[in-house]
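For reference, the structure is listed below as structure tokens.
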Amino acid sequence: MKKMSRNVLLQMEEEDDDDDGDIGDVPASRRPFLTPHTHLPSSLVLENLGQTIIPDLGSLESQHDFRTPEFEEFNGKSDSLFFNDGQRRIDFVLVYEDESRKETSKKGTNEKQRRKRQAYESNLICHGLQLEATRSVLDDKLVFVKVHAPWEVLCTYAEIMHIKLPLKPNDLKNRSSAFGTLNWFTKVLSVDESIIKPEQEFFTAPFEKNRMNDFYIVDRDAFFNPATRSRIVYFILSRVKYQLINNVSKFGINRLVNSGIYKAAFPLHDCKFRRQSEDPSCPNERYLLYREWAHPRSIYKKQPLDLIRKYYGEKIGIYFAWLGYYTQMLLLAAVVGVACFLYGYLNQDNCTWSKEVCHPDIGGKIIMCPQCDRLCPFWKLNITCESSKKLCIFDSFGTLVFAVFMGVWVTLFLEFWKRRQAELEYEWDTVELQQEEQARPEYEARCTHVVINEITQEEERIPFTAWGKCIRITLCASAVFFWILLIIASVIGIIVYRLSVFIVFSAKLPKNINGTDPIQKYLTPQTATSITASIISFIIIMILNTIYEKVAIMITNFELPRTQTDYENSLTMKMFLFQFVNYYSSCFYIAFFKGKFVGYPGDPVYWLGKYRNEECDPGGCLLELTTQLTIIMGGKAIWNNIQEVLLPWIMNLIGRFHRVSGSEKITPRWEQDYHLQPMGKLGLFYEYLEMIIQFGFVTLFVASFPLAPLLALVNNILEIRVDAWKLTTQFRRLVPEKAQDIGAWQPIMQGIAILAVVTNAMIIAFTSDMIPRLVYYWSFSVPPYGDHTSYTMEGYINNTLSIFKVADFKNKSKGNPYSELGNHTTCRYRDFRYPPGHPQEYKHNIYYWHVIAAKLAFIIVMEHIIYSVKFFISYAIPDVSKRTKSKIQREKYLTQKLLHENHLKDMTKNMGVIAERMIEAVDNNLRPKLE
């Protein structure tokens, strides 16, 4: 291996050929030094990552300053995770295509790429990493560069990155469960401890090299687990530079992969997922995860969260912990939702108003007014018989109970999740993560402006001034606002489609019910319009969603957040704001706008002066809202599963088909992993987004669809195992990342929970017919407004349908060509207005004002009751349990005792040695004089 004692960067005057943007570009003279709060040696190491040393390399053929990895032949051990010497563990793998064997005519470009890669690898070696290169077994153009971090490098960067490592085994006893009698049941659901052994708990502290003796180091090889080793190596790979052009430096493995200099960069899986490794020292964690977590036979078992965290890192672990907890809580909501649905289903035969709609002497004789101009006919009320029966299932007293319950349920879920999250923060050593998180390389590269820190009064560098930050925020907000307006425009387009196609369906579909044709009972113009519009809405949602994902990433990259957490939180807010409008806008329209501003037959309201506003069914828009929710939730679940399961499986299948000629050869672990699919930087982000959108459907509109929690529960049970199967079998191992919590998704869920109370109260008040029915039952069925001697629902349909005189039709609808139902002088429509001939004809009657007052009173009472219960629950349940607080306090005490007191003892001991030497020296000087 060729040696040198300094960094190497290519100094090239020719034009750069990278096409991956400007990440990592900054004038070398203005690059900031990264100054960690550590002692001098580590500080110098990290600062060296930001320094630029430029030797004069001369011609492109001069390579005397490069340190290159040694090439070794594959030793035939397919399960090996070590270099050929069997001692040094592979912490990361870089893959590139040998330019000398490429079948291309771009020799100049290939030479540039080779030089950049050689400079990068040389600098990796200069920073202490050890490299070994091996050619591919199946494709000799591919070269795999294996990266190993020695003990000294791991210790140095563990201190720089403030990684918490074990001090002493945890001596706090686990509290026994309060449900001891159910231990047999929980044992069945838990993972077998003889297969996956529980992780030993430790008290931890940020690592410091000069206090290494205070840490619990039994075996140096096991002190840093593979996930931590990979994280440290990735930290180095992301910050080492490789090129200088016109005093602008370029750095980082991400840029090299994006520009095609490297084909891939990833840590290794420890074994195959279907069988254990032949290496007896291999822990076989991937195999255990597949067997006890991802396999379909383990669908009923709890997740091995500690092993997930150990293998994939805290970020993946916290996602599956949250998803599992959310799924557990959905079980209670699903049970109550099914009970409310069964209540409505079993009592639908007792639904008096539905019987009146279906009765041939009541609904069969009520002639309804046309719902559009010119083409729409008069129609009999009993054509909506089947939809009214379905509506009785969802528009019942059970719906009200379920809406109140869900308002309390969502609060319980969020509060108990905070407690669970606090436990995981302590157990997984992420309590003080924000203090230890490093800035993103892309942010560091842009830090060119010097300012004075108000706290330390020292100089520090930032990427842009206050004015520049305002400009960036304004541009980003404008771009997000534009896309939201685009969604609103698409919603308006769907509304125009509804208005236009309803006329067509009204003209083409049969006007009379024929008992021999069951399709006619269900395929009404309203139903056909609702279903087709929902399907088109879903297609538009998915198309806009695909486009906006790329736009949101571009906006966030331009915004330039400081840390990875800040980046993800910023992207989360943009994506969710867009998705909220994209997915929920059509539901909000049906629930709160459709059929609310239609006027009456003699004076209808028109959209854009042309399209007559669409009306709800005589039973209201609740059933249509249920249909919309079912199509969007079901379609989204199917689409996501196709994307998550079929696409990576098909891609891997195609890859195996192309490699079938060399399938008889033994391939090493790194080559097997290379042919898996890359997860992508934001893979986990989309998993969160999918679940939060589902959370919104479950809470915001649950009053119209009590089976939504059941559908979500079934989907999530499958989602957990699908995601697990995907991670363990189809994708390369992700770079382990730290995460303290679920990030911006927590406040988003809290906002949805608050909004859900309002939306469900308004759905019951304005979308369903529950309030008008209650007003009729208690006020208008008996004198002085009604004729019945006792409270009853009889006559409700006749009382809530107003009368219109056909002669009062305006010109647009007077010339109605349909006369299949005979000549009529009057027709009925759904509203509360005085009949023709009344002094205030076609004005709202007293029933209307009673209903409005009752609706407003109901919203106020329901909101105040639920909000009071929510705030009481939030106050009564602490965010951190007493047991977790005790553990945190015990760890702080132990850290202070071990680190600070031991440090004082060392100082005292050293002072004693110095004092003894001074006394001895004085004694030696005085003794000759005395003699």
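Placement of Cβ uses the backbone N, Cα and C atoms for every residue, glycine included.
Per TrEMBL, region 'Disordered' is recorded for 12-34.
The compositional bias 'Acidic residues' annotation in TrEMBL covers 12-23.
Residues annotated as domain 'Anoctamin dimerisation' in TrEMBL: 82-305.
Marked as domain 'Anoctamin transmembrane' by TrEMBL: 308-891.
Summarising the annotation, TrEMBL assigns transmembrane segment to 319-346 (among others).
With a threshold of 8 Å between CB atoms, the same-chain residues lying at least 6 positions outside the transmembrane segment (397-417) that come near it are 322, 325-326, 329, 332-333, 336-337, 339-341, 343-344, 698-699, 702-704, 706, 709, 746, 749-750, 752-753, 756-757, 760-761, 763-764, 768, 770, 862, 865-866, 869-870, 873-874, 877, 879. The transmembrane segment annotation in TrEMBL covers 397-417 (among others).
Per TrEMBL, transmembrane segment is recorded for 480-507 (among others). Within its own chain, the transmembrane segment (480-507) is flanked in space by residues 370-372, 375-377, 525-526, 528-529, 532-533, 536-537, 540, 544, 548, 551-552, 555, 574, 577-578, 581-582, 585-586, 589, 607-608, 611-614, which lie at least six positions past its ends and keep a Cβ under 8 Å from the stretch.
The transmembrane segment annotation in TrEMBL covers 527-548 (among others). With a threshold of 8 Å between CB atoms, the same-chain residues lying at least 6 positions outside the transmembrane segment (527-548) that come near it are 387, 483, 486-487, 490, 493-494, 497-498, 501-502, 505, 509, 575, 578-579, 582-583, 586, 614, 624, 627-628, 631-632, 635-636, 639.
The transmembrane segment annotation in TrEMBL covers 575-593 (among others). Same-chain residues lying 6+ beyond the ends of the transmembrane segment (575-593) with a Cβ under 8 Å from its Cβ atoms: 480, 483-484, 487-488, 491, 494-495, 534, 537, 541, 544-545, 548-549, 552, 621, 624-625, 628-629, 632, 636, 685, 689, 692-693, 696-697, 700-701, 704, 744, 748, 759, 762-763, 766-767.
Among the features that TrEMBL reports, transmembrane segment is placed at 691-714 (among others).
What TrEMBL records for 748-768 (among others) is transmembrane segment.
What TrEMBL lists as transmembrane segment is 846-867 (among others). Outside the transmembrane segment (846-867), and at least 6 residues removed from its termini, the chain residues within Cβ reach (under 8 Å) are 403-404, 407-408, 757-758, 761-762, 764-766, 771-772, 774-776, 779-780, 785, 799-800, 831-833.
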Overall pLDDT for the domain 'Anoctamin dimerisation' (82-305), taken as the rounded mean:
84
